[in-house]
Amino acid sequence: MGKNVVVLGTQWGDEGKGKIVDLLTEHATAVVRYQGGHNAGHTLVIDGEKTVLHLIPSGVLREGVQCLIGNGVVVAPDALLREIVKLEEKGIPVRERLRISPSCPLILSYHVALDQAREKARGEFKIGTTGRGIGPAYEDKVARRGLRIGDLFHRERFAAKLGELLDYHNFVLVNYYKEPAIDFQKTLDECMEYADMLKPLMLDVTAALHEMRRDGKDIMFEGAQGSLLDIDHGTYPYVTSSNTTAGGIATGSGFGPMYLDYILGITKAYTTRVGSGPFPTELFDDVGAFLAKRGHEFGATTGRARRCGWFDAVILRRAIEINSISGLCLTKLDVLDGLETINICVGYENEEGAVIDAPTDADSYLGLRPVYEQMPGWSESTLGAKTLEELPAAARAYIKRVEELVGAPIDIISTGPDRNETIVLRHPFG
């Protein structure tokens, strides 16, 4: 009997999912991406060598693991092919391991142009997108006008749809945003080149997943971004354009929720956020700078500096509920080494002094102040610890208090960037 495990982020992304997926794929037959696009950036460190993945599932570095991209992922063919070539230059046989649903929506040049034009027009009110066309591609999908990978293999039909789409989007680009139009013939020629390279990678991912399930294989689902960036449950409108929570698995891969056995929520031992939007525990002092420097807090996709703050138990409790989390993985514990005291946000206080629960949209965060519980820090190093007993008593107390506050067990603790720098208390595939 196989197990089907989900790994997803519980904060605003950048929680360290890539390392944990790579660690757990030792037990998996397949790793599946089910939402997002190449706005994700998953960093893996194996024997000191760093690899950053954007579209391809993190299981690609494991021999014998099949990597699947489900229908919920928006695919930029140029970005995908660049990533494939980069990995192949390292000797990784990507094309043997990777298969893609033909139902994936395409991200094309006009999506990127629209994304960047909108952010530019918003000025100081920009959302902080990666500018890679993710949102506009999902818009086309929901409006039922988008092109999908499967359309690439029918030239005449594709050309007709592309012409209609460009008429529509170029009108907005030129007349509203005062940006140059996207050329039809250039776009069509590029897409036909992509078609030849992508055709061998096509697979009915949904059917393949259910065949594996019936055969008792272990399957892992890899989330991108974090729960608080979910289009429905995140800090709207400062969110991404897909469902980053566990519900996105069913829609983004065709694998029903009753088949899932364990949902692992990844959370940092502190909190970070990239781009605009509410962040109640954000630090603007020396501690914030310390966390950013020690944690190397720069986006794997954009290179942008991440905002840093104290651990927020309020948002984690919400993420645990909306994802039905089975257990947590606490990452970057070692970044807290050397801090004299550590704060945990246990609630929010409004201007009247009343303590309230997590708001449901960005505007509702205005005027809220974090309520902190202070804990002693530790001077000893936790870097590379492989057992709970190796951790300082204060670090163990911090872990226990987090569990108590959020109501979920911490089953895995990451104590460094390498896959071996990990404490596994309960294995998701166990």
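In case you wondered, yes, glycine gets a Cβ from its N, Cα and C as well.
Listed in Swiss-Prot:
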- Asp14: active site, proton acceptor (ACT_SITE)
- His42: active site, proton donor (ACT_SITE)
- 13-19, 41-43, Arg306, 332-334, 414-416: GTP binding site (BINDING)
- Asp14, Gly41: Mg(2+) binding site (BINDING)
- Asp14, Glu15, Gly16, Lys17, Asn39, Ala40, Gly41, His42, Thr130, Arg144, Gln225, Thr240, Arg304: IMP binding site (BINDING)
- Ala300, Thr301, Thr302, Gly303, Arg304, Ala305, Arg306: substrate binding site (BINDING)
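In terms of Cα spacing, the binding-site residues Asn39, Thr130, Gly303, Arg304, Ala305, Arg306 all stay beyond 10 Å of Gly16 (GTP binding site). When every Cα pair among Asp14, Glu15, Gly16, Lys17, Asn39, Ala40, Gly41, His42, Thr130, Arg144, Gln225, Thr240, Arg304 is compared, the largest distance found for this IMP site is 34 Å. Asn39 (IMP binding site) has Gly303 as its nearest neighbour among the binding-site residues Gly303, Arg306, Thr415, going by CA to CA distance. Within the same chain, residues at least six positions away from Leu333 (GTP binding site) with a Cβ under 8 Å of its Cβ are Ala269, Thr382, Leu391, Ala395, Ile399, Ile413, Ser414, Thr415. Comparing the binding-site residues Asn39, Thr43, Thr130, Gln225, Thr415 on other C-beta atoms within 10 angstroms of each C-beta gives the minimum for Thr43. By neighbour count, meaning other C-beta atoms within 10 Å, the densest spot among the binding-site residues Gly41, Gly303 is Gly41. In sequence order, the recorded positions near Lys19 (GTP binding site) (Cα within 10 Å of its Cα) are His42, drawn from Gly41, His42, Gly303, Arg306.
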